[in-house]
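**Student:** Provided herewith is a single structure, encoded as structure tokens, for subsequent inquiry.
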Amino acid sequence: MQSKLLYYIVPILQIITITFIDNPWIILWSIYVIIPLLDEILAYDFYNPKQTKELEDDMFYKIPLYLVIVLDWCLMFTVLNHLTQNDVSLFDTIGLISIWGGLSSNNFTVGHELLHKDTLLDKFLGTYTLVKSLYCHYNIEHVFTHHRYVGTPLDAVSAEKGQSLHSFIPKAIVVQWKEAWKQKDKMQRYTILNILMCLFIYKIYSIKGFILFLIQVYQSIAYLEASNYIEHYGLRRKLLENNQYEQISDHHSWNAPHRITNHLLFKLQRHSDHHKYPSKPYQILEIDPNSPILPCGYLVSIMIAQFPIVWMNLMDPLITGYKSKQLYEESRKKVRKFLVQFAIFASCLMIYSLYD
């Protein structure tokens, strides 16, 4: 069964950050230690809901999406006010910007969900909430390029085997921006909005606030592109004799059944089904246990991908061997080892923050 209330994890984290803004390191520790731990402890989520019109139209599932958008903007103003009006230590500033950038990336997750919908309100919110990250053009590339060419060399956000995350992100940002200019009218409008957003932040918070804003912008974009990197890493569609690529299938996206992260990301981890049926609401997305399954959720995958050698050692054998139970179990052991090491490091930072 689906746990409806778990979809409120992000709004709750946003409210907690706004309320307890003085020590972001505890929140960071909760996200990057407790959530991965729960994903390891709890049973995998392979439950596929019944495809009913009632479930598809259930407004309960829209509420957390709208809440994330509203609270994300509230979080931005709260953090900027706090950092520009108070004497905050460098250590706490780094922590707060880190949690701000991480939570801001959920604006992309929600924007992605809404821009695929049919209603004008959802498309409007899904597109224009991304002005906060100066990235409204995402909807052009994502809908008209990524979904068409996913898993091929024609798609800038389908990572190749052996490509590091750090080389992938700048290339993906530049290529997508260039591709989006094929729709010149939209890009001119988005560019004007970006300029107005920058002027607005600078006018209110001066140069310090503007620099902090730009750091958050890059962080949220980096999280987005890291997700893109993970979703299709090394998976390729075959080029057929007619010079066309094979049809997109379950085997061209990495999925993850990790329960808490699945709710944290509004079932983004059921990525194969999303590519087959882009307009499907997140609450009715399905997962095939025989599709490529990651040994960890997207959140932990992003953490591991920061270390290219560790990531490639983990993932490269699985690209062709994801159906091997032995290979999968070996990769799970590598994930657990990484999580123990990271948890020790993160816990030290959190404890230090209590005495800083």
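In case you wondered, yes, glycine gets a Cβ from its N, Cα and C as well.
As listed in TrEMBL for this protein:
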| type | residues | note |
| --- | --- | --- |
| TRANSMEM | 5-21 | transmembrane segment |
| TRANSMEM | 59-83 | transmembrane segment |
| DOMAIN | 107-285 | domain 'Fatty acid desaturase' |
| TRANSMEM | 192-215 | transmembrane segment |
| TRANSMEM | 292-314 | transmembrane segment |
| TRANSMEM | 335-355 | transmembrane segment |
**Student:** Please tell me whether the transmembrane segment (192-215) and the transmembrane segment (59-83) touch - that is, whether there are at least 3 C-beta pairs under 8 Å between them, with each pair 6 or more apart in sequence.
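**Tutor:** They do touch: at least three Cβ pairs between the two stretches lie under 8 Å.
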**Student:** Determine the mean pLDDT over the domain 'Fatty acid desaturase' (107-285), rounding to the nearest whole number.
**Tutor:** 95
**Student:** Residues sitting near the transmembrane segment (5-21): Cβ under 8 Å, six or more positions beyond its termini, same chain?
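**Tutor:** Sequence-distant neighbours of the transmembrane segment (5-21): 27, 30-31, 61, 64, 67-68, 71-72, 74-75, 78-79, 82, 96, 99-100, 103, 106, 259-260, 263-264, 266.
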**Student:** So what's near the transmembrane segment (59-83) in sequence-distant terms, Cβ-Cβ under 8 Å and 6+ beyond its ends?
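**Tutor:** Beyond its ends, the transmembrane segment (59-83) has Cβ neighbours at 4, 7-8, 10-11, 14-15, 17-18, 21, 93, 96-97, 100, 103-104, 106-107, 109-111, 113-114, 125, 129, 132, 201, 204-205, 208-209, 212-213, 216, 266, 281-283.
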